[in-house]
Every structure is written in structure tokens, then in C-alpha cells.
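What follows is a set of notes on a single structure, which appears directly below.
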Amino acid sequence: MSTHTPPSSATPTSGQGVRPLTTADIRKAKGRQRLAMLTAYDYTSARIVDGAGADLILVGDSLGMVMLGREDTLSVTLDEMLHHCRAVVRGTRHAMVVADMPFMTYETGVRDALLNGARLFRESGVRAVKLEGAGPVLPQVRALVDAGIPVMGHLGLTPQRVAEMGGFKVQGRQAEAALRLFDDALALQEAGCFSLVLECVPAPVAEQVTARLHIPTIGIGAGAGCDGQVLVLHDMLGLYGELSPRFVKRYADLAGMAGEAVARYAHEVREGSFPAAEHTFGIDDGQFEAFMAALDKRGCRQTPTGE
């Protein structure tokens, strides 16, 4: 895989010099440039991720754990996803924003998938949705694609089915399971997915699946043989310490830095060194004297301070 012509250098078409990446750009990246994808859950994080040059932003249902403090992703609602997706879209100019369809918003049938997918796509402004699994949800994938809603697939460890899988375990370690994963990947490609996430899959298996697909794969715990990589932003920045998956590389310790900053702020507030003169606003001497004279005229005295 070469390193020329990244999607992020696509010819700008907007008046401000950038344009949003499309599914066509993502497809064209296969075999040309690895794709960088990260999660974002609000306007500020989207601005950071987009401004740093990520190709795709995933508004994942992982927000249930990372942002809302829940134990898993299963309780995240469509309304919650819409709330976060809108904020992310507002903070993004170039990266392609993809939204997870929450648990039980598509598994119950084609009609539900279309109604919920259309609402998520139309009301939030995301440019694609992501569904987990294959088999039973293939009709939903086809229906969404036929309706004009781009779909990203997700195979391997699928967090919405973690209970069924017996926990967070690597998938595809047996030959039969690896072949089943490959067949599912082909089925999702044929159903119209423009790309595919492979999560917690042995690296050699993910590499071979990637080499036999026409659509790009994006790995998370699936080795360097995928066409791109995705991580949870809060994991790679050291902001979320409840879980520490093996596949996460921590690029910063922002939780530590933030904790030190907050502690320093609290200390300065308590000792009276913040705010300093440069952080405050003054008043004309004459106006202040007039203000004090008015207070004295009213007989307003200072309240005694505590011991």
C-alpha cells in the first residue's frame, strides 16, 4: 500500500478551501492511502479531530460509556445519538461523519431500520450510518443503501452483541469462524456497504479479508493490514481510564494534565492569586468614586467577613 494522494488532500470545492469527504473518496483510498478514523462526541472534539486531518469521524454509541458513564452501549437511544451527532457535524468541515445506529433501532426489521436510519441521517447531518453484524441485518443494509443512506459495516467483536459473544473476546481465531467472518464481509460488500470495520480480529485474518474485498476495511484491534484504523478518542488521549484494551495506543495523558490544571486552579483560587490583574476589568476613577458616594448615601455598609 503506497502513501500518496490521501483522501484529505482531495481537491477543495468549497469557498473556504475544503469540502466534506464522500463515500467515493473513502472507496478510492483503498490501496492508495490508509484511512485515519477517530470518534468524536461533541462540537469541541470534532473541531480538534477534523482540524488535525482525520478522514472519518465516528459518533459511536460508545458515548454511552465514555460520555454518559454507563456500563455498556446498549442503553444509548436514538435521541441521544441525534443530540451528539448534531454537535459533531457542526464542528466538522472536512472529515466524513459516520453515526452508529443504536441497539434495537435496526435489528427489528427493514421498516424500523429505514425509519430510524432516515431520521438519524436527515436530522443530524451525518453522511453515513454504521450497523453491526451481517446475516439477519443484510436486508436492512440493502434497504438503507437503496434509500440513499450510505452504510458502514462492522464485523468481528460487535459491542451490541457482547453478551451473546461471552464478553469482549477476539473473534475469528478458529478457521471456521474466520471463514464465516470472510463470508459475512463479502455479503456486506454485496449488500452495498462502502466500508467495513473489523474489530478484535486476528491480524493475519483481517489482512486476508482486506485483500479480498473491494471496499476499504478499518481496523480496531485487527492489525496493520487493514485499509485504515479507528480508535476511541478518549482512549488514545488518556481521558477514559475505566477500560484499557490491548489494541489502544495512548498518545497522551490528558486526564493527568487536566487533573493537574484543575488542582492548580483550585489552589490559586483558595490562596487568592487568581484572578490576577491581567484577568480583571477596571473602572474609571471618577465613576468609581461616584459609585462609592452613592453607596454611602444609601447607608450601605460592607458585610463583615468571617473569622
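FYI, residue positions are counted from 1 along the chain as it appears here.
Here the Cβ of each residue, glycine as well, is placed from N, Cα and C on the backbone.
Take the Mg(2+) site that Swiss-Prot assigns to Asp61, Glu132: the candidate from Asp25, Asp42, Asp100, Asp112 listed for it is Asp100. Between the alpha carbons (Cα) of Ser62 (3-methyl-2-oxobutanoate binding site) and Glu132 (Mg(2+) binding site) lies a span of roughly 13 Å. Neighbour count (other Cβ atoms within 10 Å of the Cβ, all protein chains): 23 for Glu199 (active site, proton acceptor). When the alpha carbons of Glu199 (active site, proton acceptor) and Glu132 (Mg(2+) binding site) are compared, the span between them is 11 angstrom. Of all Cβ atoms in the protein chains displayed, 22 besides its own lie within 10 Å of the Cβ of Ser62 (3-methyl-2-oxobutanoate binding site). Long-range Cβ contacts of Lys130 (3-methyl-2-oxobutanoate binding site) within its own chain (separation 6+, distance under 8 Å): Leu58, Val98, Ala99, Asp100, Met101, Val151, Met152, Gly153, His154, Val197.
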